[in-house]
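According to TrEMBL, the feature domain 'MARVEL' maps to 12-144, 149-285. The annotation transmembrane segment is assigned in TrEMBL to 12-36, 48-66, 86-107, 119-138, 180-207, 219-239, 259-279.
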Amino acid sequence: RTMAVATVNLRALTSWVGIARLFAVVLSCLTFSLVASTGHFGGPYGTWCMFTWCFCFTVTLLVLLLELLELYPLLPLSWDDFTSAFSMLAALMVFTSSVVFPATFISSPCSSSQCARQAVATTASCLCFLTYAVEVSLTRAKPGDISSFLSTVPGLLKVFEAYVACLIFSLLDEYNRESGLMWCVAVYSICFIFTLLIIVFTIGRCLTYVPCPLEKMLVGYNFLAMLMYLTATVLWPLYSFQGRSRPDPCGTNCWWNKHLGVTFLTIFNLIAYLVDLVYSTRMVFFRAP
C-alpha cells in the first residue's frame, strides 16, 4: 500500500498574489480584533462590517491553505474562477465596510481610546481593501485570455453587478404603493438572479452544458439587462420623489435617504451593464486572430 504524500507549494505564499493574500489575512484579522475589543459594533451596520471582515479573513486563509497544500484540484469547481470572484467580492465588501463603519460609529471629536482603536481599525480596513484590489489586478486575465471567465473584465463586472444589486435590496423600502417602483424591484431581482446563476454556473463548470452559444447569449443578456436598468434609472426617482419633499429631520433610516441611495446604485449598475456589454461584444465579435 502506498501512502499519500502531502506536497507543499511555498510559491502560494511567496508569489505576489500570495503576499497580497497574506496581507489581507493579517489586516482583516487586525480590523475585526480591534473592533471587537471596543465592544461597540451593534446594530445592522456594525454586524455587517464584522461579518465582512471575519468572512474575508476565513475564506482568504482557507484559499492560502488549499494552495499551500495543493488540495484545491480535488474540489469540484473552477479554482481560478472562484478565487477571482472572491477577491472581487471581498474588495467590494471591505470597501463598503471601510465607508460604513467610520460613518456610523466614529464621532467627532475623537479623543477616547475606544475611538482611537476604531480609527486604527478603519485604517486597517482601508489597507485591506487595497490588498484585495491588488489581488484583483494581479489575477485579472490578460487581453485575449478567456480561460478563466470570472477573471476577465466582464466576469469581474458580473460580481460587481450582483453585489450592487444586494446593496439595492438592503435599501428597498416603501415600494408597494406604485406600479413603477414594483417594476424597478422586478428589474433588480431578475437581473440579480440571472447574474448570480452565471457566476455560480461558471464556478461550478456547468456553463458547458448550456445548449446554445454561450458567448452570444451573454451579449444578449447584457443588452436586455442594460435596457431594463435604463428603465429603472428613469422610473425609480420619478415615482420615488415626485410630489414628495425630503422629511425634516431625515435620519439614518429615513425613506428619502434610502431611495436616493437606490437611485445612485441603479445608475452604477446601469453603467456596469453598459461596460459589460461593450467588453462582451468585443470579446465575441472582435477577437484578434
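Yeah, the Cβs are placed from backbone N, Cα and C, and that goes for glycine too.
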For the transmembrane segment (86-107), which partner among 119-138, 219-239, 259-279 gives the most CB pairs under 8 Å?
119-138
Excluding the flanking five residues on each side, which residues at least 6 beyond the ends of the transmembrane segment (48-66) place their CB within less than 8 Å of a CB in that stretch?
12-13, 18, 21-22, 24-25, 28-29, 31-32, 35-36, 41, 72, 75, 83, 86, 90, 93-94, 96-97, 100-101, 125, 128, 132
